[in-house]
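Structure first, then comments.
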Amino acid sequence: MTTFLELLVNGISIGAVYALIALGFVIIFKATEVVNFAHASLLLVGGFIVAKTHESLGFWLALLLGLAGAAALGALIEFAVIRRANVVSHSILAIVTIGVDIVLTTELTRQIGTEVLALGDPWGSEVLHIGAVNIPLARIAALVTASLVIALFLLAFKYTNWGIAMRATAEDSETAALMGVRRGRVSMGAWAVAGALAALAALFMCIFPTPGLDRTVTATAMKAFPAAILGGLDSTTGALAGGLIIGVTESLVGGYQSELVFLGRGLGDVAPFLVMIIILLIRPAGLFGTRELARV
Amino acid sequence: MNVHDPGPPGDSGLTVRDLAVNYGPVTALRGVSLDVPRGAVVTVLGGNGAGKSTLLRAISGTLRFHRGGIGAGAVAFGGRRLSGASTSAVVAHGVVQVPEGRKVFARMTVEENLRAGALGARDRRAAAEARERVLTLFPVLAERARQRAGLLSGGEQQMLAIGRALMARPKMLLLDEPTLGLAPMMALRIADTVREINAQGTTVLLVEQNAALALSLAGHAYVLEVGRVVLSGPAAELAESDEVRRRYLGIGDDRDEALLSGAPSIRPALTRWTA
């Protein structure tokens, strides 16, 4: 039971981090109808900035810089690539983002090399003991911060003019333009917010119990992709649910892997994709999605 | 009322001069000119594919959403050039379009739709006033404020679409077939509303297939056919003209007689169909 509780809390915590990434995916898709395969590189850039600056600036300032840097890079990609590419189909733009991702990731992994970079977070490797349940402080911090940020984001999405402009554009961009909404601003804003969310996720993916930021973090980040897809690519609620489902699945399957050994090792890494496939077989548009993926 | 009166200089309404619009290789408008003086209601009549919606797109700057562009000519409002401006700049200049088919944001509430309408105008107090005015005009929108717009009836959606446009406090309202698909009673209700909006000082350009209704509302009318203005004049005169009566009002001579004596352009088309 103790193990189960520990795994569950860990799963929810990592799930909340996946949800941050998936939310970014979803708002980019809603605002520009582009599936952003460059998302993992945004995450890597955010984490990299924090890793390289925390010693001189201190952790919090470095984190702020990482968030701003990833947001700026997101906005830049939108402005320099997505907006200029005058193409007919959004699937072509999705492939363009793969190109952007390869360029950015190649350069960053070259910079990182074989190192494992610490992010200088204040939580260290402390473990919180609640009864018999042991949870690393870093995971609690991830859970609390991610929940707060997601709540803030959803409130802004629902109640601010920014959110209304986003949703109006997502639903019908021509009619939104007739209301005086500037599409360029909306989509640039979406990319910037997605970048900042990804940078925050980078932080929580690279602190304890993970040793630090290394070149493999993009592969971990791609697990948020099934989270966004199974929730429904155009649903913020879906991103949230998808993130939690993937996080908990991964954690539980990974934790009980010794009892599932007949299925082979490393099942925890595969399970999220299995869950995605099963859910898509039943609901092709994802749990909360309205548009089928054929649209992509 | 003299609808040709251009008004004081610098305060002119909408002018469209020799406008040509293409969608790639397809020409949709050829040399269209028309005037909507300040404070007037002007209607543009025409069948499907005559170019009515294209005209409104050219004015509101939404041609690019349909891969179209202005080939020649100019559109101006109050002395400012609108052709070439972005849609948000057109809205900022006070020209706001109610799209064909209502196009309410179905997944958003009525309240949120109205807020979306005010996004172009960043003045909060003005937005509150506009909201007041819209809810006075359409009390039903206040009753349904928290409902999803997609759940409203067709007539209510049209009211919401008009109300949403009014949230931007337009000097000029472009209406694209506001009575399309509505029950006759509701169409009359919308017509009354358009009259009221105009009486409150908003200039109106109304595009309609329902010619009888449009001619009763407008001071001046234009008839578009295959991208050209083929007729124009005071609405009352047009309503009396044989051609308009026959083609757009469905009154006049017997049908067969109309075919025999009517425009020769109809006959080859008919033989082609039966061949």
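Cβ atoms here come from the backbone N, Cα and C positions, even for glycine.
Automatic, uncurated: that is what TrEMBL annotation is.
According to TrEMBL:
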TRANSMEM  A:7-28  transmembrane segment
TRANSMEM  A:58-81  transmembrane segment
TRANSMEM  A:87-104  transmembrane segment
TRANSMEM  A:137-157  transmembrane segment
TRANSMEM  A:188-208  transmembrane segment
TRANSMEM  A:228-248  transmembrane segment
TRANSMEM  A:260-282  transmembrane segment
Any chance the transmembrane segment (A:58-81) and the transmembrane segment (A:228-248) have 3 or more Cβ pairs under 8 A, given the pairs are 6 or more apart in sequence?
no
May I ask which of the stretches A:137-157, A:228-248, A:260-282 has the most CB pairs under 8 A with the transmembrane segment (A:7-28)?
A:228-248
Residue numbers, six or more beyond the limits of the transmembrane segment (A:137-157), whose CB comes under 8 Å of its CB atoms
9-10, 12-14, 16-17, 19-20, 23, 27, 121, 123-128, 163, 166-167, 193, 197, 200-201, 204, 207-209, 236, 240
In terms of Cβ proximity under 8 Å, which residues at least six beyond the ends of the transmembrane segment (A:260-282) contact it?
223, 226-227, 229-230, 245-246, 249-251, 253-254, 293
Taking a Cβ cut-off under 8 Å, which residues six or more beyond the ends of the transmembrane segment (A:188-208) line up next to it in the same chain?
13-14, 17-18, 20-21, 23-25, 27-28, 30-32, 36, 39, 42-47, 49-51, 63, 66-75, 77-79, 82-83, 117, 119, 121, 123-125, 136-139, 141-142, 145-146, 149, 153, 162, 166, 217, 220-221, 224
